[in-house]
Amino acid sequence: MSKDKKILLKFIATVIISAIVGGFFGFFAGAVQNLSVSEFLIMNFLKYGPYGYYALIGVSFLSSLYFLLKSRGIIIDIDNLDDSQFELKYKIAENYIEKLGILSTISTALVFALYISYILSIVIEPNYLQVLDPLTITMQFIIFLLYQLFISKKIVDYNKKLNPKIQGNVLDSKFLDEYLNSCDEFEKMQIYKAGFEAYRKLNGIIPLLIGGIFIIAMAIKGGILAILSLTFVWIILTLSYYTGVKKSR
């Protein structure tokens, strides 16, 4: 059997299995429509959501502080190291900075999601018991964002210390363009490859998310705004990729 036929059979099998799985979850979603799932989730989220919110902020703060201090300790002394120690310490510091960046991005996304979900729950069901009022949680969220901005600035500062040719200020709206222009060709190629990998994975994940949100919306009698928003993101992602390819020619 030729390679193309194997690919075609694999594709057909994937479609059939996806249809079966999707049908099962669709049937399940329809079966629980009358169980007031949405009301149950909102009620419990208003009760317990803030505790998860605080726990996430606490873990994020302590973890980022750990990596920040570890990176700082190495970078302060890196100029005083001999050649045999420099390369090892450089890689360790680079690893800490990378983990700090990943942690900052993920924690910001999760805290933002919890914050928006809590505010939305209050708007939908204002008569339920609220552990936190909207003003309090909003002020805490703003403080968290300022802390993450501080972390982002320190990441850039530490990268500049490790690689003095890097340019850009994280507070500048043109920071990413200036940062990219200051990279050499090898570093740019790494960034381009990472960007393509992100595009490739998101282009596969977003359709699955749309299908998942559709099933959840059936179960909780939700609206179509989430599906439309995710579809809009999918379109923007695709257009951004092809626009970038066109500009690079």
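Just so you know, the numbers here start at 1 and follow the chain as drawn.
Quick reminder: no glycine exception, Cβ is built from N, Cα and C everywhere.
Per TrEMBL, transmembrane segment is recorded for 7-31 (among others).
Marked as transmembrane segment by TrEMBL: 51-69 (among others).
For 100-124 (among others), the entry in TrEMBL reads transmembrane segment.
Residues 46-47, 49-51, 53, 57, 60-61, 64, 68, 100, 104, 107-108, 111-112, 115, 118-119, 122, 170-171 of the same chain lie 6 or more positions beyond the ends of the transmembrane segment (130-151) yet place their CB under 8 Å from a CB of it. Under the heading transmembrane segment, TrEMBL lists 130-151 (among others).
Sequence annotations record features per position, and here TrEMBL assigns transmembrane segment to 202-220 (among others).
What TrEMBL records for 226-245 (among others) is transmembrane segment.
Within the same chain, residues 42, 45-46, 49-50, 52-53, 56-57, 59-60, 63-64, 67-68, 71, 130, 132, 134, 137-138, 141, 144-145, 148, 151-152, 154-155 sit at least 6 positions outside the transmembrane segment (100-124) and bring their C-beta atoms closer than 8 Å to a C-beta of that stretch. Distant neighbours of the transmembrane segment (51-69): 96-97, 99-100, 103-104, 107, 110-111, 114-115, 118, 131, 137, 140, 144, 147, 151, 154; these residues of the same chain sit at least 6 beyond its ends, with a Cβ under 8 Å from one of its Cβ atoms.
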